[in-house]
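Novice: Before anything else, here's the structure in question.
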Amino acid sequence: MLSFGKMRKRIEPVVLCAQIASAFFDTGLQMVVKERCANMTDALSPTPTEDSRQKAMSNFYMIYNMLAKFVPILPAILLAKVGDLGYRKIPIVIPLVGYLVSRVVLLLVIVMDLPIQAMFGGVVVHGLSGGFCSYWAGVMALVSLTSTEEDRSLHMMHIELVYGVAGLIGSLASGHLFQLYSVDFKQGTLLVSLSVFLYFLCLIYTTFFFLMPSFSTSAHERNETNGFVTERNSRNILNILLLFASGILYDVAVGGGMEILVTFEMKEPLNWSATQVGYGNAAGFVVFLTSFLGVMVMSRWVSDVTLIIIGMVSFAAGIYFMAFVTATYMFYLARALTLFALIPMPTIRALLSKQVNGSSYGITLISLQLSFKIASLAYTPIYTKVYQATLDWFPGFVFTLSSIITVLATIPVRYVMTSSVLATIPVRYDMTSSVLATIPVRYDMTSSVLATIPVRYDMTSSVLATILVR
C-alpha cells in the first residue's frame, strides 16, 4: 500500500476526481439543454416538432463546442511553454480554475433560472484558462517524463483507464442524482453542486498537496539535444507529421460523431431520460477499460502502430453500426463494437513523445491537442449542418461519415511502421570524452553480410565509447 508521501506524487487522484465531476457536469448540462431548448421552441412555435427541438439543441452545442475549442488555443500554448520551463504544475492547476468557474455558471443557470446562453460565458472562462487541451497535455507530459520509452504506452493507457473508470462511476450515478430534488432545490441542483465541490477538491489538492515527482533526462535524450543523432531526428520529423495527420483525422471522426450522438440520444426513437443518459455515457467509459486490457494483452505481440490500427478499425465498425440504431439495445451493441476505440490516441501520444527529447514533451503534446481544436472549428459546424440536413431521411448519416474518415485515418499511420523501422532501434553513445572515438566495424569474413552480433569495445583511455552495431 502506498504511503501518503508517495501518494502525493501521483496524479491519478486528480484525474479520478476531476473526471467524476466532469461526468456529473456533462449529464447535467445535457438535461438542462434539452429542457431549455424544448421550452424555447414551444414558446416560439404553436406547433413545435421534434426536428425543431433537435435543431435548437444541435445549434446550442455547435456554438458551445466551437467556443470550447477556439478560445483555449493561445492560453494553452502559453501554459505549455511555462510547463516546459519546469513549472509542470501550472498547465494542470490553471485549467482546474476554469473548470470550477464554468461549473458554477451551470449551477447558477439552474438555481437562478438564467438563460442557457449564460453557459457561453462559462465556456469562455474555461477556455481562457487553457481548457481540457492544456489540462490533459499537462497530465500526459508529466506521465511521459516519469516513464521510460519501453513502458510509456502502458503508462499513458493506465492514466486513460483511471479517466475511464472515473467517468463510468460518475455517469452511472449522474442520472439518478439529477432527478433528486425537493421543494427548496430544483432538479439538477444536487448533481451540479457535487461537480463544483469535486473540482474544488481537485484544485486544493493539486495546488497545496501534490508534489512533482523527480525525473532525469536520459543519456539518449542528452545526445539528441547535443545533435549526435541528427539522422534519426530527420526520420522523426516524418514520423511526427504522419502521426499528426492520423491523429487529426481520427479526432475529426470521433469528435464529430460523439458531438452529434449527444443530440441523437434525445430524439425519437431513443428519447432518453436522465437515468438513460447516464447509463449511455457510462457505456462510453467502459471503452476505457476494454481498451486498457487490449493494450496490456496485445502489446506483447503487436507493435504500437498495429495497436493504433486495431483501435481505429474498432471505432469505424461501431460508429457505422450506430448509424442504423433504432432502439436502446442496438445502441449498446454499437458501443460494444468500439471496445478498442480508445487505444489510438494515447498510443499516438506515446509514439510522439518518443520522437522528441524530454524538454519538448509539453509543447509537442499541446501542439497535438491544439491541432485537434483547430480541426474542430471546421468539423463541428459541418457535422451539425449535415445532421440537420439529413434528419428527415437518414439521421445516422453523420455516423457513416465518421466511419469513412476513420478508415482514412489508418492510412498515414501505416507508413510510420515502414519509415520508423530504423528509428525504433536504439542508438546510444556513452562517452567520457567530448571526442567520439573512431572504432573499426567488425565483419564476418566468411560471409558478405555484416555481423549482427553486438560488438562491445572497452577502452581504458580517456576516450570511452560503446556503440551497438546492428
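Positions of Cβ are set from backbone N, Cα and C atoms, glycine also.
So TrEMBL lists these for the protein:
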TRANSMEM  61-80  transmembrane segment
TRANSMEM  92-112  transmembrane segment
TRANSMEM  118-145  transmembrane segment
TRANSMEM  157-178  transmembrane segment
TRANSMEM  190-215  transmembrane segment
TRANSMEM  236-258  transmembrane segment
TRANSMEM  278-298  transmembrane segment
TRANSMEM  305-323  transmembrane segment
TRANSMEM  329-348  transmembrane segment
TRANSMEM  394-413  transmembrane segment
Novice: Give the nonlocal contacts of the transmembrane segment (305-323) in its own chain as ranges (CB under 8 Å, at least six residues past its ends).
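Specialist: 153, 246, 250, 253-254, 257, 261, 291, 294-295, 298-299, 330-331, 333-344, 347-348, 351, 394, 396-400, 402-403, 406-407, 409-410, 413-414, 416-417.
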Novice: Is it true that the transmembrane segment (157-178) and the transmembrane segment (329-348) have 3 or more CB pairs under 8 Å, sequence gap of 6 or more?
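Specialist: Contact confirmed: at least 3 Cβ pairs fall under 8 Å.
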Novice: By Cβ distance under 8 Å, which residues at least 6 away from the ends of the transmembrane segment (236-258) in the same chain are close to it?
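Specialist: Same-chain contacts beyond the ends: 284, 308, 312, 315-316, 319, 322, 341, 344-345, 348, 351-352, 355-356, 364, 367-368, 371-372, 375-376, 379-380, 382-383, 398-399, 401-403, 405-406, 408-413, 415-416, 419-420, 423.
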Novice: What same-chain residues lie close to the transmembrane segment (61-80): Cβ under 8 Å, and 6 or more beyond its ends?
Specialist: 33, 90-91, 94-95, 119-120, 123-124, 126-134, 137-138, 259, 262-263, 362-363, 365-367, 369-370, 372-374, 376-377, 380-381, 384
Novice: Under 8 angstroms, Cβ to Cβ: which one of 92-112, 278-298, 329-348 has the largest number of such pairs with the transmembrane segment (190-215)?
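Specialist: Most contacts with the transmembrane segment (190-215): 92-112.
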Novice: Can the transmembrane segment (278-298) be said to touch the transmembrane segment (329-348) if we require at least 3 CB pairs below 8 Å and skip pairs under 6 apart in sequence?
Specialist: yes
